[in-house]
Amino acid sequence: MDSLKKIVAYKAVDEYVQSNMTIGLGTGSTVFYVLERIDNLLKSGKLKDVVCIPTSIDTELKARKLGIPLTTLEKHSNIDITIDGTDEIDLNLNLIKGRGGALVREKLVASSSSLFIIIGDESKLCTNGLGMTGAVPIEILTFGYEKIIENLLKIYTLKGCTYKIRKRNGEIFITDNKNYIVDFFFTEPIQDLLETCTRIKMTTGVVDHGIFVNMTNVALISKHDGTVLTLNKKYE
């Protein structure tokens with residue numbers, strides 16, 4: 001599986017990253033190979049004068065260890081390209097992200113990018129709709145979190161869901177933004193994606209959710225035979 005992650009990450013960097021770019025760095029195991037490839041190209045001199053914006057403390061630490069030049073969204077608000085992984089992707093390039101806990105920063109950096117590229121292996125591709133392979137995360141305030149969840153359960157598309165407050169090592173997981181994550185589990189593919197997103201986001205106390213709709217420009221999907229499938233956003 002790691003070999004598939006490496007193939008698709010290297011291809012994304014080689015095909016889309018150029019010198020003098022501001023680059024958004026996603027979070028997760030596949031993105032590690034993006035860092036590795038950027039580092040290789042910088043050290044070889046094939047890539048020059050780039051700065052990168054990490055979407056999590058974890059990515060920041062890994063990038064610093066490699067010596068990759070970093071900046072902030074405050075200093076570089078217009079990002080040329082962001083490369084990130086995903087938990088699920090449908091054929092319209094809509095996503096479920098955030099099972100690693102960095103969904104808010106990932107979404108903010110992606111929305112600030114001219115080009116948002118998703119990478120992953122074919123196990124992430126969901127041809128029958130989103131929400132069926134695992135948690136759909138929602139980041140919420142710690143204050144009044146039980147009331148926030150109560151209000152979320154009133155949303156018609158969430159009524160049949162089960163949920164869990166995310167924990168790590170037996171303790172409630174705290175995001176880089178000092179919030180909680182509540183993971184919702186669907187029994188059928190999410191209906192009315194846009195309406196569901198709107199209602200979740202409008203719930204007081206919700207910071208953001210892991211449903212990314214109409215944000216991805218290109219998806220690179222590595223297949224088990226070592227080839228890479230390229231999916232492009234459809235423009236109407």
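Here the Cβ of each residue, glycine as well, is placed from N, Cα and C on the backbone.
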One of Lys6, Lys62, Lys65, Lys124 listed by Swiss-Prot as binding substrate at the site of Thr27, Gly28, Ser29, Thr30, Asp84, Gly85, Thr86, Asp87, Lys97, Gly98, Arg99, Gly100: Lys124
Cα-Cα distance linking Glu106 (active site, proton acceptor) and Lys97 (substrate binding site), given in Å to the nearest integer: 9
Reduced DSSP assignment, Asp84 (substrate binding site): strand
Packing count at Asp84 (substrate binding site) (other Cβ atoms within 10 Å of its Cβ): 30
